[in-house]
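> Okay, these came from TrEMBL:
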type	residues	note
COMPBIAS	752-762	compositional bias 'Low complexity'
REGION	739-762	region 'Disordered'
TRANSMEM	25-47	transmembrane segment
TRANSMEM	210-229	transmembrane segment
TRANSMEM	235-259	transmembrane segment
TRANSMEM	280-302	transmembrane segment
TRANSMEM	308-327	transmembrane segment
TRANSMEM	334-353	transmembrane segment
TRANSMEM	381-411	transmembrane segment
TRANSMEM	533-557	transmembrane segment
TRANSMEM	563-596	transmembrane segment
């Protein structure tokens, strides 16, 4: 890995795509050492014969088939020369231990697998005499099979089914797989009839061409959706908004109608008065809860309506990113291929570990097995940690690659001068400078994921044995760790974007990204809520379209049991493909938002501090400015005469050329807007709280209303108001302090700010 040394900056500033340096180099070295350890485990299994035992197979006495063996102390019939016996034959291949997932049968090395059914011990003798392949234990002579008393324990279970050897792993496998029906039924629990299972498998095999075609259709639809979603995002957002509003209002209205109807129908009934009262009280509680939910939802949508426009603008720009960077659509393929190759390697080494170690005799069966003992048994745990860390590392590399390409696009003013291959440039920057940052971020996710997986394993093992309190605590811990993992994943993704912008270490980038996100908390909430739901609707659209096409193509197979499994497979694959592609789109939107927030924080559109943003985002900024000017103009009329002589406080992105010499770096929605919205929300929150307490009280009288108002006022002023104010004040402390800049000297031709903004829009 190449690395450029650089001096530490005394005061770090955001300098996109400038001053690159290596980040988190110790973590890169640590990850390299860890990967060397993973490779050493593979080398150890090969050197100690574990890989050979897996590939060539070994018998129940510890002899590896197809080669000369050494004597194992304390194990009889070990150390045999099995050069001519290359195949592993199980005396009872259908005796499967479902829990341990292995065959509970004696294994022998034979020179030939039986290709015909052997029904009697005389047939076993004839097969041994003609083919030289003895199918009973080594100490039994082939010509004596029918007369030996040990034949019932040390010879194959009759009848012996015909079998063939596997291509690579030399095991004699029965041609008829019906003996594995129990195992199949244990895996597919909803199948109770073997004929149904055979029909399902037959339906999949008969429809394999259609399944492949539908999978390709899902792939094409996902790629098309990534390109056209910027045109339909606005429609989807407003349809979603209308559905949520109408649904909440309809649900609340129905509950109130049921409550009123229940009161009217039971008004004259004297019997069952207690039951009637309970039912009416329950309906009242449900109706009030639905009303509160609807009111809060409407208030939130009222407050977030301006930020929905930003989500639509980001979706529009994200669609442009995929047009300028078409290779982004290949990222899911590359990531899936890398994960698939690693998982195959990991699974193969895990199988090697299963046949590595010292020979140990099983106390139940008396057969010889190879197990890791002593400190060597921790290699399996090391290998398991490697699965999580390296998988997260590969996913983090994808996030860093996408972030680097999007950052290159955003901070290139002239899009015609983009690099020829921004994706390849991003990959090269990642490999040269930022592998340590990716390793550190993925290790943090690993530290959270390992305890969660361990708790899930404990919960599954103790299912039905633990008490209610322990079960509740386990589920709570698992849920908390899952939430922490999701939060860290989101923070890591933004940290990678900050590293791609400014080439800083992981901790510095995570802190800077966290500050930006906190300053734009409402925008983040709107983008995550609205954007994620729009992407979810996109996934559902792809799945339903693929399923509809599958129903049309599979319609000629009239039997439901024949085409339901192919359709389920296609739908699962379609959802997986849509999730992979739209997750890339989601990463692009998140990186664009971080770049936009940084752009509006450190630039204001004046000469020398022009915006980098796209035209769609520029229009959003212009509209927000106009709205802010209207609001400020209405509020500043009483003090207009006083403010003419003094400096005017303006947001960072406001028009600095219109009469002010003081510029405040509050960002586009900072300062006053947040305070005003918080104060407005406080009033609504207090009123709703008083009404809910009064309605749920035992007596809905004026006295109880006054008592509820008094209690809620005390709680509001003593608990809620100080807490929420301190939280917002802490958020505002992260924002830069006002910077007084001298008013520029008038020139002959000074471009207007709006013209300056428009000239730099792409």
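Using the three backbone atoms N, Cα and C, a Cβ is placed for every residue, glycine included.
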> With pairs restricted to those 6 or more apart in sequence, evaluate whether the transmembrane segment (334-353) and the transmembrane segment (280-302) have 3+ C-beta pairs under 8 Å.
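The answer is no, given that the two segments have fewer than 3 Cβ pairs within the 8 Å cut-off.
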> Could you check if the transmembrane segment (533-557) is in contact with the transmembrane segment (25-47), meaning 3+ Cβ pairs under 8 Å among residue pairs at least 6 apart in sequence?
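As far as Cβ distances go (cut-off 8 Å, pairs 6 or more apart), the transmembrane segment (533-557) and the transmembrane segment (25-47) do not touch.
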> Answer yes if the transmembrane segment (381-411) and the transmembrane segment (235-259) have at least three CB pairs under 8 Å among residue pairs 6 or more apart in sequence, and no otherwise.
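Contact criterion not met.
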> Using Cβ atoms and a strict cutoff of less than 8 Å, what residues sit near the transmembrane segment (308-327) while being 6 or more residues removed from its termini?
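226-231, 233-234, 237, 241, 405-406, 409, 415, 418, 421-424, 523, 526-527, 530-531, 534, 585, 588-589, 592-593, 596, 614, 616-617, 619-620, 623.
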> Go through the chain and flag residues at least 6 beyond the ends of the transmembrane segment (25-47) whose CB is under 8 A from any CB in it; none is fine as an answer.
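Cβ under 8 Å, 6 or more out: 1, 3, 345, 349, 352-353, 355-356, 379, 382-383, 386, 389-390, 393, 435-437, 439-440, 443, 506.
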